[in-house]
Amino acid sequence: MIKEENMWLVDFARRWQPNSLICLGFFIPAVVGVYAWMSFLSADPATAHIATLVLSSTFIALQYFALPAAVSEISMRSSLLGHVVGLGLFIATARPYWMLGVYLIFLGWFHWSEYLFASLYCAHSCSKRSFILNHSPAYIVATLVSWLEFAVIQHMWPGFRHYSAISVLGLITCTVGETLRKLAISTAAESFNHVVEESKRKEHRLVTHGIYGFCRHPSYLGWWIFAVGTQVLLQNPVCAIAYFFGARAFFADRVEYEEELLIEFFGDRYREYCRRVPHRLPFVKDASSESH
């Protein structure tokens, strides 16, 4: 007889599907392998980076040709993100650039865990797009610009990032944001989707408990905190400000549209929820709670 307090563990175990195991099975070896290989060749960093890139690229290419498409589309992305995390672990041990290493760990973990959590808690919408690697052109540009700012500051003002307390604050901020987002996904479960749903599924429920009792859009708030936190971690002042206001502009439109749909789906129940719980997105007008 399974004790009631252990039922959550049974439920969690039952959620694991083949795609979840593929995601995990190709990610962990990539992390360990890249970190171990880089550490082995650490005496010659240039050779270590080139050799690791060649080996990882070869391994990913072999998956493309040797595995069924349904498997390789998961395994290749998981291996790539594992490579990023493994590289981040190695760089994090190089003290002058530890914040870059931690950033890469967070970046790889975020995209990989988005798919893993989708496969565990909202399998109905889980696909290769759940890695959200190609989220939008704006996201890709923002990421590249943050790398450019880091490189420019490091080259022109090499002493700028000596204040490690700022990066530690960024690390904490990233952790809070990512925790909030993953709590949102796991709490909403089948009611969560990476895209705004314009029609109501029969499995779609209005979730108001747990983290949703604190704010109406915890996944958005979590991502916002996480995104800004990555730039604080890197000590990129320009991108930290740009990310904050860029996210604000994105969510202002998205939340307004999404809440119109949720009122259409759930009617007075959602209006009452809006009155009780704020969305807590900074500088985004809470139109639903004000008008209902």
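Note that Cβ sites are derived from N, Cα and C of the backbone, with glycine treated the same way.
Those TrEMBL annotations? Automatic predictions, nothing curated.
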Range among 79-98, 159-178, 219-238 that TrEMBL annotates as transmembrane segment: 79-98
Tertiary contacts of the transmembrane segment (46-67), as residues 6+ beyond its ends and Cβ separation under 8 Å: 26, 30, 34, 37-38, 40, 75-76, 79-80, 83, 87
Spatial neighbours of the transmembrane segment (79-98) far in sequence, C-beta under 8 Å, 6+ residues away: 26-35, 38-39, 42, 52, 56, 59-60, 63, 104-109, 111-112, 131, 164, 167
